[in-house]
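Written below as structure tokens is the structure these notes are about.
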Amino acid sequence: EWPETGRLALYLLGLRATCPLPEPGPQRLLVTWLKYYLEEDWAGSRRHGHPLTSYYQYSLGVLALCVHRKRVREEVIHRLLAAEHHGRFRHAGGSSVDTEAVAALAFTCLERERLVGSRLAAELRAARRRVRRRMVEAQDPDGFFGNVYSTPWAMQVFIATNMCRTQPAYGRAMAALLENLDAFTTAATMAQVLPVLHGRSYLDIASMRCREESDTLTPASAEPPAEVPGNMTVQLVVECPEPRCPQHRLYDRTVSAPAGASLLDVLRAATTQGPPNFTFVTQDTPQGPFLSRVLGVEARQQQRSYWQLLTAPSTSLQMGVADYRPHDGETLILRLSEW
């Protein structure tokens, strides 16, 4: 099994934020498991020079340990510093903003909590400044850092380093974020954007005084989305590159689905409208369903491959299969890509 580095890190961050009862036993066990996963994540892939999961999950692990004020071996920190210095966070066909931002938050936390020596702290500050500068230089004309989902991560870096009031790029990002809040529909994405809307970062979890926190959690009844009458048709295309797939285009068919349906609903509808028969498999993740297999072709983490979601001709979707809602007549492409 693959190390559960990212999932456990997010759970530990959430657990710390909820001010659990002072029963250190279970938390200490989870922290121990996270340390174990960090080592397994790296040791299992030494010959590749990168973690088994991803630098994003690896950085999350370091951040979660720091928020719990647990020391991290210097070798673990140097792995992230080396990856940042040599530009290894970026993957093909995608943005590295979210990974760089999580790493920068981890660097800031390690320095702030004084979990490293002065020399290493200086290296962490320099890396953080480089990351922040790249974010500003790469900001999109629409105000996003990378995309709508990586933007809250980047904004947390500016908040954690007290740069949000003096950096115009932060203001542009906030304006873009406020216009696109309807994109954050899952618990995981909401957890990323809510701290930013309150001028906070995940680093603030470490300094929470739980005895002073009032119980403000109240149940909310979510209203079901309004139904859109009628049907729509979309063109569904599945592409797989050679040499893995001698037949480059595996599927190309018009699919009918209810108007307003999600991409996941479209895929489900396609399975009932063959021939040719359409099949797919998803995996549950903290960010929602993740497309793992299409027409029997699996996205393999060992080969750093994933099913990329696009609209024709080559616009990468910024939402997952359960969140994106296609338009009538749109062409949707599922493309096996490398990261």
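Using the three backbone atoms N, Cα and C, a Cβ is placed for every residue, glycine included.
According to TrEMBL, the cyanocob(III)alamin binding site annotation covers Thr53, Ser54, Tyr55, Tyr56, Gln57, Asp98, Asn147, Gln192, Trp307, Gln308, Leu309, Leu317, Trp339. Taking all protein chains in view, 18 other C-beta atoms sit within 10 angstroms of the C-beta of Asn147 (cyanocob(III)alamin binding site).
The disulfide bond feature in TrEMBL is assigned to Cys66-Cys109. Around Cys109 (disulfide bond), a 10 Å sphere centred on its CB holds 25 further CB atoms from the protein chains shown.
Neighbour density at the Cβ, taken as the number of other Cβ atoms within 10 Å, is lowest among the recorded positions Cys66, Leu309 for Leu309. Applying an 8 A CB threshold to same-chain residues 6+ apart, the list for Tyr55 (cyanocob(III)alamin binding site) reads Leu80, Ala83, Arg88, Phe89, Thr99, Ala103.
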